[in-house]
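Contents: one structure, followed by commentary.
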Amino acid sequence: MTSPAGIRRAGYIAVVGRPNVGKSTLINTLVGAKVSIVSSKPQTTRHRVLGVRTEVDAQFVFVDTPGFQTKHRNALNQSMNRVVTQVLAEVDAVLFLIESLKFTPADERVLKLLPTGTPVVLVVNKVDQVADKPRLLPFLQAAAGRFPFAEIVPLSALDGKDGDRLLGIVGKYLPESEPFFEEDAITDRSERFLAAEILREKVFRLTGDEIPYGVAVEIEQYETEPSGLRRIHAVIWVDRDAHKPILLGKGGEHLKRISTEARQDMEKLFDAKVFLQCWVKVKSGWTDNAALLKSLGHE
Ligand SMILES: Nc1nc2c(ncn2[C@@H]2O[C@H](COP(=O)(O)OP(=O)(O)OP(=O)(O)O)[C@@H](O)[C@H]2O)c(=O)[nH]1
């Protein structure tokens, strides 16, 4: 960080990019705690998730925005695009992620939504996958011609050192300000929200390709007992009858594994004992129902 001694900077940074470019991975690397979802499947991030990183002289508040869904135009996608537009109007800097040596029509659509009055840093991710490094240079030059980027930073979101380098670069664009969050804050979202995120991640990770998008997690009940024990009742909503047995598995074994792994992650994150009960229920057509989406916490 280069700000003069005693001066603190703080600001909001949006992370945008098409699905699967590595936004969640980058945020996890930058924030150093598991507050977002990482999955090999596209379009797992539907919420705005704030991750906070506090350095000696700057605080970075990252806003993880959903990827753009362009294949299916239903209520879920429209709500996603609204979130993106909202987020971009509010921030101090934008990180626009693309993948090394790829610039797809989906990237182009994200590019069109970038603000011109806000510094945009182009993050060229997954450089570790490029065997032939000299091929990067012309790619970066071409990218520089597409938009007045404030900076262009090739990196691997999996690499902590690259993350620190990026922080040094982004820090310059943050305004002078007192920090917004307590030093140890990792998120402004409640435990209840994090519990849902963790459970949703387990469903995606452990269920394979059979259930790509039609899954939502709802925390019906969340209680902290005087002993510190968290008592959580969760519903995993699926939009087809056929998906229920897939999630349950033989004799309920699969659901048991999902909930056990989710509980273990929650206990680690909350530093407390967790009692987690999960049900699988079918709600047909939920991805097309804006009112229901809202009731499930989607914006
Ligand atoms: N090799 C390599 N893989 C990466 C890198 N960054 C992310 N990935 C992988 O790319 C996949 C997608 O990463 P995510 O972080 O889930 O992508 P995302 O942009 O958040 O995706 P959505 O949530 O769908 O918008 C995961 O399998 C990551 O492990 C990287 O720098 N190098």
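All residue numbers here begin at 1 and follow the chain in the order shown.
Just so it is clear, glycine is given a Cβ too, placed from its N, Cα and C backbone atoms.
Classification of Asn20 (GTP binding site) by DSSP places it in coil, neither helical nor stranded. Annotation comment: TrEMBL describes 17-24, 64-68, 125-128 as GTP binding site.
Taken from TrEMBL, the feature domain 'Era-type G' applies to 9-176.
The feature region 'G1' is assigned by TrEMBL to 17-24.
Positions annotated as region 'G2' by TrEMBL: 43-47.
What TrEMBL records for 64-67 is region 'G3'.
Residues belonging to the region 'G4' (125-128) score a mean pLDDT of 98 in the model. Under the heading region 'G4', TrEMBL lists 125-128.
Checked against ligand 1, the binding-site residues Asn20, Lys23, Val127 give Asn20, Lys23 as the ones with a Cβ under 6 Å from it, listed in sequence order. Residues in the region 'G4' (125-128) partition by DSSP class (helix H, G, I; strand E, B; coil) as 2 helix, 1 strand, 1 coil. Within the same chain, the residues at least 6 positions away from Val127 (GTP binding site) whose Cβ sits under 8 Å from its Cβ are Ser100, Lys133, Leu136, Pro154, Leu155, Ser156, listed in sequence order.
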